[in-house]
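Here is what Swiss-Prot records for this protein:
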DISULFID  62-90  disulfide bond
DISULFID  65-74  disulfide bond
DISULFID  83-109  disulfide bond
DISULFID  115-134  disulfide bond
DISULFID  120-131  disulfide bond
DISULFID  135-140  disulfide bond
DOMAIN    60-151  domain 'UPAR/Ly6'
LIPID     164  GPI-anchor amidated serine
REGION    60-154  region 'Sufficient for inhibiting alpha-7 nAChR currents'
SIGNAL    1-39  signal peptide
């Protein structure tokens, strides 16, 4: 049996409109909260190389900076370019005070000979420590060396995994599940 709009009780129509508005509000909250969560932090471990062609076989990139004041700004403003062909590693040189405050950070592409002197060296005259580390792999020099445990010559191959598209598909499906019963 079909009802004319005048045959429906007003409270049923208002309840139906309220349910639709509530469903739309829930979907919008989910969408906005998920977008905010993704944009909240910069994760330097998740950096993936671009899909542009490499200049030569086994090309790689390192975070690069010269005398930066802190690690965050070094990584954030690092120049995005391929390392020269005569280099194989990423070198990090970290100068810091006896209280652990960074005074200078240098990161660059390096040859094997530049990586022979890894470790930490304390200068009694200036009360500063210099720690040097080298690593092998695409953008492997995220962290700073701060002691003999991490001021090493490490061979670390970055994992190349493709990102999942699940969050993209999840939201439209969720929206459809909420809205479909209300129609």
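Even glycines carry a Cβ here, placed using N, Cα and C.
Features per Swiss-Prot, on structure.
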{"residue": "62", "record": "disulfide bond", "contacts (Cβ under 8 Å, 6+ apart)": "83, 89, 90, 91, 107, 108, 109, 139, 140, 141"}
{"residue": "65", "record": "disulfide bond", "contacts (Cβ under 8 Å, 6+ apart)": "73, 74, 75, 77, 78, 105, 106, 107"}
{"residue": "115", "record": "disulfide bond", "contacts (Cβ under 8 Å, 6+ apart)": "89, 91, 134, 153"}
Protein Cβ atoms within 10 Å of residue 83 (disulfide bond), excluding its own: 19
Segment confidence, the region 'Sufficient for inhibiting alpha-7 nAChR currents' (60-154), expressed as mean pLDDT: 95
Integer Å distance between the CA atoms belonging to residue 135 (disulfide bond) and residue 120 (disulfide bond): 16
Other CB atoms, at most 10 A from the CB of residue 140 (disulfide bond): 22
Lowest local Cβ density (other Cβ within 10 Å) among disulfide-bonded residues: 74, 90, 109, 120: 120
Three-state composition of the region 'Sufficient for inhibiting alpha-7 nAChR currents' (60-154), taking helix and strand from DSSP: 10 helix, 38 strand, 47 coil
